[in-house]
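Asks: Before I ask anything, let me first share the structure, which is written out below as structure tokens.
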Amino acid sequence: MDGFHATTIFAIRHNGAAAMAGDGQVTFGNAVVMKHTAKKVRRLFHGKVLAGFAGSVADAFTLFEMFEGKLEQFNGNLPRAAVELAKEWRSNKVLRRLEAMLIVMDGQHLLLVSGTGEVIEPDDGMLAIGSGGHYALAAGRALKQYAGASMTAKEIAKAALEIAADICVYTNGHIIVEEL
């Protein structure tokens, strides 16, 4: 039986600001929308870190808890916490089965964390994951390039998700944007 999945998360660093947006759709299998208003972008570590997930909901909550523990352990050092989470995620036989991806960001860093041990910081200050991630990333890049002078990070993040929601059937228009 298929699990709960599907979402789009987009994050951007732009003009000294940072924003992360996520839609609210939770899909069961390929045919049933179970929830429209899920909150997949969260503030962690005293509100100083944003984290968004795509993938299995239960797995993502497990990873959020683990990541928050790593942030506490390393006193908010985002790169170190992300690397340690990725190492544990990849090396533990039980955790290796978790099906989710995370985007995490603070005032200085924007990182993608995956269960294959990858911790990636983008060159262009933008990341997107999930079923509509490619659409959101393309939209975000276009918005930043052609309208970036007149748009904030929050506005670009929201618009990128709106465009992805118009294209991807697993992404809805109930968008939550968090800003640092």
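Positions of Cβ are set from backbone N, Cα and C atoms, glycine also.
Pulled these from Swiss-Prot:
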- T7: active site (ACT_SITE)
- A165, C168, T171: Na(+) binding site (BINDING)
Asks: Of A165, C168, T171, which is closest to T7 (active site) if I measure between C-alpha atoms? They're all binding-site residues.
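Replies: With Cα distances computed to T7 (active site), the winner among A165, C168, T171 is T171.
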Asks: Determine which residues of this chain, when A165, C168, T171 are set aside, have a Cβ within 8 Å of the centroid of the Na(+) site's Cβ atoms, and list them as they appear in the sequence.
Replies: T8, D23, Q25, S131, G132, Y135, A136, L161, A164, D166, I167, V169, Y170, N172, G173
Asks: DSSP on A165 (Na(+) binding site), three-state: which is it?
Replies: helix
Asks: Ten-angstrom check, please: count other Cβ atoms within 10 Å of the Cβ of A165 (Na(+) binding site), all chains counted.
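Replies: Result for A165 (Na(+) binding site): 22 other Cβ atoms within 10 Å.
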